[in-house]
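As given in TrEMBL:
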type	residues	note
TRANSMEM	B:23-44	transmembrane segment
TRANSMEM	B:82-109	transmembrane segment
DOMAIN	B:83-273	domain 'ABC transmembrane type-1'
TRANSMEM	B:116-140	transmembrane segment
TRANSMEM	B:146-168	transmembrane segment
TRANSMEM	B:194-216	transmembrane segment
TRANSMEM	B:255-273	transmembrane segment
Amino acid sequence: MLRRKRWLFAILAILPTLALFAWLRMFPIYETLRLSLHKWDILSRNKPFIGLANFQELMGDRLFHEALLNTTIIAFGVLLITIPTAMVLAALIHYRTRSRVSGFYETAVFLPHVVSLVPAAMAWKWIFDARLGPLNAVLTFLGFEPQAWLFDPTLSVISVIVLCSWQALGYAVLIYLVGFKSLPASLFEAAKLDGASGPQSFWFLSIPMLKPITLYVSVVTLVSGFNVYAQAFVLASDAQGAPGRQVRVLVLDMLENSFRNYRVGYAASEAVVLLVIVLVLTLIQFSLLRERGRA
Amino acid sequence: MSDREANRAATRRRMRRVLVDRGIDVVLMVFSLLMLLPLVFLVSNGFKTPQEMLAWPPTIIPANPTTDNFAAVLQDTPLLRWIFNSVVFAVLSTLAILATSSIAGYILAKFRYRSLNVIFALVLATAIVPFEVYMIPLYFQAQSLGILNSIWGLLLGYLVMSFGIFLIRQNVIHSIPDELLEAARIDGAGELWIFFRIVLPLLRGALGALGVLAFFQAWTAFAWPMIVATNREAYTIEVGLALFQTGFTVDLGRLSAASAIVLIPSITLFVILRRNFVQGVASTGLKE
């Protein structure tokens, strides 16, 4: 009797949350998968089933290829900048953890991660600005040619990578700091007694031991890199001033197909591609972790 | 003699250590300041006259500060309205996430039935899927409810958070012993009473961390508000600023001023809530 009552309470208590999850998460995810196999132009009532035609079209879509390529470059670019920098920074901050200013270091590195995206991007828009920006002024001062950072096809991608890395760094440093704190201090003392220098124990002890954390942070960074949108939207307007067109990213392309070209099914198939990328990355993470566990 | 040599060696070692410490401090300090510099310049640009914006090298403290940019921006745009929308949206989203996460996290941690395991697996599975993947169908759900261009429409995407449930569940498992709950039950306490009077107070720290996380998540949301709010009055501050900056006539001084109005309160809030925030974000990495 009592057991039954307790079970009833559990079910009743979790029901509202479960209902919200079903309605606001599971159903739309299912809808994305379903729509990707259909053709729908928003206005018409019927959504004919067209099988994999959307995906076939994606294969030959130049804009989609451009978006996929840009997004991939951005995601991996951010990864390459963020992970090594974050590891070294976290090691240094951890080393100075007892100093009075370590809280300041942490806050300073972390702040770009929490401030609103758009205002922060605005600061970088000024920095990269060809006429007014301090970056070109510094380049000129050092005797280099000023560059059209936000309009050159390559440089604008680099600009987006810099902005995204600036924001992603704080999160990575924070997670690494947690990792450094969990490493056994005795091991490092032993290494020191054996005559290992600081950089040596960083390279031969910390890096291998932090591998699970590196894996986790890498996947989080890559996944958020693949979902990049606001940064490109603000930073990379094209010559006509259309936001985000200069560096086309997946989310932008998807939203344009859905709400500008009224091709919801097609946009959904792009979302499915995004989902597959994220799932593959997550699977790689899990399988690498498991491998480590066995070894 | 040898004593003095040993002493000297020790001093040298200590000197070296101090030098290394100072060196690392210099590196970290320079790096920290570089990280902050874009934000500092942004705020300072907001107070500059158009002439000073062009000056080289850029000044950190404006020579003759002006509030013209702020006045202009407040006149040109419903900036305060956007901030209001963002604040209401973020607060309501935080409350909803705290409520759903705490109850579901507690149930999933302390009531062991097979049906609940299935639910937990489903919640975890949705956590992997990025919001961007399903926001288009979600948009049409909001549309059919007739809540586009409203706080409720914004809220629809941010009522639940898989990670929140996960976080609370971990906390309940680690910090609330079964014996405590059993003792309360033997004393005749009802399940609701136990949840509100025993569980929730013990979760205060975790809920604080989650709350800050949820608030900033909604506060910095971009893609979802961008598609849900298409009417100027309904924009959140992020959307408002992003669209405001695409206009050609807008100058950087005004943009900086608008950005500063948004940044200063959120930075202040962050500095106040830093501990909660760091705890919350750090816990995202603690997957067991």
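Placed from the backbone N, Cα and C atoms, the Cβ positions cover glycine too.
TrEMBL: automatically predicted annotations, no manual curation.
A quick note: this is a predicted structure, and the numbers were derived from the prediction, not measured.
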Which bits of the chain, at least 6 residues beyond where the transmembrane segment (B:255-273) starts or stops, bring a Cβ under 8 A of a Cβ in it?
-> 39, 42-43, 45-48, 69-70, 72-73, 77, 79, 83, 212, 216, 219, 237, 241, 244-245
Could you name the stretch, out of B:23-44, B:116-140, B:146-168, B:194-216, with the greatest number of CB pairs under 8 A to the transmembrane segment (B:82-109)?
-> B:146-168
Long-range neighbours of the transmembrane segment (B:194-216), counting only residues six or more past its ends (CB under 8 A) | 90-91, 93-94, 97-98, 101-103, 106, 158, 161, 163-164, 167-168, 171-172, 175-176, 180-181, 184-185, 266, 270, 273, 276-277, 279-281, 283
